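What Swiss-Prot lists as transmembrane segment is 25-45, 73-93, 97-117, 135-155, 190-210, 222-242, 259-279, 287-307, 311-331, 366-386.
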Amino acid sequence: MLLALAQWLQNDASFLRVFSYLTFRAVMATITALLIGLVCGPAVIRKLTAMKVGQAVRKDGPQTHLVKSGTPTMGGVLILLGIAVATLLWADLTNRFIWIVMLVTFGFGVIGWVDDYRKVVYKDPRGMSSREKYFWQSVIGLFAAVYLAFSVSEASNVRVFDLFMAWVRSGLSMGLPPHADLMLPFVKSISYPLGVWGFIVLTYLVIVGASNAVNLTDGLDGLVIMPVVLVGASLGVFAYVMGSSVYSKYLLFPHIAGAGELLIFCSAMGGAGLAFLWFNTHPAQMFMGDVGALALGGALGTVAVIVRQEIVLFIMGGIFVAETLSVMLQVTWFKFTKRRFGEGRRLFKMAPLHHHFELSGWKETQVVVRFWIITLMLCLFGLSTLKLR
C-alpha cells in the first residue's frame, strides 16, 4: 500500500524512492509488526481473559502443566494481526505470491480459530475432529498447490493462466518448466523434474505437513515461536536471492520473478513472532493456540514451495520434523506391540518429543532454549546451501 503511494508521489518527493528498496521495506515491516504486537498484546490478553478462553490442559500430561490451565489461548490472533497490517502496508500488493501466502496463512488461521473455539466452549483439549480439520486443510492446500504449480514458472498472472490452459488442453499430462523442479541442496545445476501432478502432491504435503508439524511442536511456553521466526527469516533470505536476477544467477539458482517480495511477509512474520514471544515466554501470559500454529506452519510451507526449498525447509525445521516423527512412531509402536504382545508399549515416555525430555528431568525452560539453539544451528546449516553447492 505504502509502496504504491510512494511510487505515485516520488516525482514530487525524491526521498520516497527509498520505498522501492526491498530491504528497507523488510526492516519497516519487522518494526511495524513488532510494535503492533507489543502495543496490542496487553489488550488482547485482557480481552481473551474476559472471554474466558482459557487453555484446557491434558490430564495425562506432565503434572507441572496443570498450573497453566485457564491461561488465555487463541493468542495467535495477535500474530496474524501484526502480519496482516505490516504486510498490507509494506508489501507490493500487486504481487501474486503475497496473496497466495496470505490466503494459506489466514485460511489455516480460520481452521485453527474454529478448533480453539470448540476447545474453549466444550472444555475439550481435542477440539475439532482430525478428519474435519484435515479436510479443510486439504481444500486450502490443494488450491494453493494447483495455483503454485503454474505461478512459480511464470512472471504474470496472465501467463500463469495461459500455462494452466495449456496443461488442460494437453489432457492434464503436460510437464512444467525447470523453475518448478525439486531442487537438491549442495548440488549445482541438478534438480528433479516433478511434472504438474508431482508438484501438486509435493506442495500439498509440504503445506499441510508443515502446518501440522508446527502445531504439534506448540506445547511449551515459547517453544514454537522462536523456531518459526528463525526458519521464516531464513526462508526470507532465500526469497530475496531467488527474486533477484543478479543474486540468483550468481548463486546458480533459478530466478523466480516476484519471489523477493516474500521477504516482506517473512519479516512481518518475524516481527509479529517476536512480539508474541514477549508475552509467551515462561511463564506464558497467553498461548497462540491452533489459530496461530496452523497458520504459521502453513505460511512456512507455502514460502518454502515458492522459493523451491522444500528439502531445506525439512532441514531447517528439524525440530518440527522430530516432534512429528515422535508422535507417529509412538502411535505406530504402541499399536504394533498391542497386537503382538497384547499390551501397548511406548518408545518415548510421552509424545510429542518435548514432553519426553520433560519427563526425563529437563526443566521446561531447558527444553525450550535447547530446541531454539538446535533450530539456530539447523537454519545456519540450511543457509549454507546458498553457497556450498
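Count begins at 1; order follows the chain as displayed.
Any Cβ shown, glycine's included, is placed from N, Cα and C.
Values in this document were obtained by computation on a predicted structure and should not be read as measured data.
Proximity of the transmembrane segment (222-242) to the transmembrane segment (190-210) is not established, fewer than 3 Cβ-Cβ distances being under 8 Å for residue pairs spaced 6 or more apart. Of the candidate ranges 25-45, 97-117, 135-155, 190-210, 97-117 contributes the most Cβ pairs within a distance under 8 Å of the transmembrane segment (287-307). Among residues of the same chain six or more beyond the transmembrane segment (259-279), those with a C-beta under 8 A of the stretch's C-beta atoms are 22-23, 25-27, 29-38, 41, 45, 75-76, 78-83, 86-87, 90-92, 95, 97-98, 101-102, 222, 225-226, 228-229, 232-233, 235-237, 239-240, 242-244, 285-286, 288, 292, 296, 299, 303, 306-307.
Non-local neighbours of the transmembrane segment (311-331) in the same chain are 182-185, 206, 209-210, 212-214, 216-217, 227, 230-231, 234-235, 238, 297, 300-301, 304, 346-348, 351-354, 356, 371, 374-375, 378-379, 381-382, 385; each lies 6+ residues outside the stretch with a CB under 8 Å from one of its CB atoms. Counting residues 6+ beyond its ends, the transmembrane segment (97-117) has Cβ neighbours under 8 Å at 53, 73-74, 76-77, 80, 83-84, 87, 91, 127-128, 133, 136-137, 140-141, 143-144, 147-148, 151, 207, 211, 215, 258-259, 261-262, 264-265, 289-299, 301-303, 306 in the same chain.
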